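Features of the protein shown, as given by Swiss-Prot:
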BINDING   PHE8, SER9, GLY10, GLY11, GLN12, ASP13, SER14, THR15, THR16, CYS17, LEU18  ATP binding site
BINDING   CYS187, CYS196, CYS199, CYS202  Zn(2+) binding site
Amino acid sequence: MKKAVVVFSGGQDSTTCLVQALKEFDEVHAITFDYGQRHKLEIEVAQKIAKDLGVKAHKVMDVGLLNELAISSLTRDDIPVSHELQENGLPNSFVPGRNILFLTLAGIYAYQIGADTVITGVCETDFSGYPDCRDDFVKSMNTALVKGMDRALTIKTPLMWLNKAETWALADQYNALQLVRENTLTCYNGIIGDGCGDCPSCDLRKAGLDEYLNNKDAVMKSLVQKQESEGL
């Protein structure tokens, strides 16, 4: 039996990955992390989507310690989300160590349930500049987990080389475009669906959706070519 664990936030990217995983694996578990993020609604959204899609199990883990250590606009209500980069070249929404912790815990969970695949929706094409969304980081984490647990494990990143328009096309491939558009929470200001339309996350999401809806055939063709050439 093929089992997978999906790192699941209830946002556009992880929901698209979850929809795909449910088609490709016999048993799918979702894992969501409560790290004291700005909007607790994220967790409620993730729980509802996971239930509606019928995952085998949905685990919500309390990792509040991350909030104490990582100062970010996503972990502090008094820090407004900014479109400007900080002096270190990163947006102030970057939560240092977040994906290191998430992938480690997802790997441990996969070990316990006998799953050999962890799926995450990180992306290096259209992304916010987070270093822990890059392909070389994920590969390094994969190596560390395999060596540290002495067990075969693959971290799968279906969106790594897709732009946002192609990510929308992927959701549409699985007849889930409206599900993703209407029910996910990607907005940094905590508005479900199309969001506030003003934060960096909403800007990226809307630009990708507009590009896909205005050029469906071309974007879908590009997606299929990447799937065939890169095994996405």
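Just so it is clear, glycine is given a Cβ too, placed from its N, Cα and C backbone atoms.
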Minimum Cα separation from GLN12 (ATP binding site), reported as the residue among binding-site residues CYS187, CYS196, CYS199 that achieves it: CYS187
CYS187 (Zn(2+) binding site) versus GLY10 (ATP binding site) - Cα distance in angstrom: 11
Secondary structure of GLY10 (ATP binding site) (DSSP, helix/strand/coil): coil
Which of LEU18, CYS187, CYS196, CYS199, CYS202, all binding-site residues, has a Cβ with the fewest other Cβ atoms inside 10 Å: CYS196
Binding-site residues compared (SER14, THR16) - highest count of Cβ atoms within 10 Å: THR16
Surrounding CB atoms that lie within 10 Å of the CB of GLN12 (ATP binding site), all protein chains: 26
Alpha-carbon distance [CYS187 (Zn(2+) binding site); LEU18 (ATP binding site)] in Å: 19
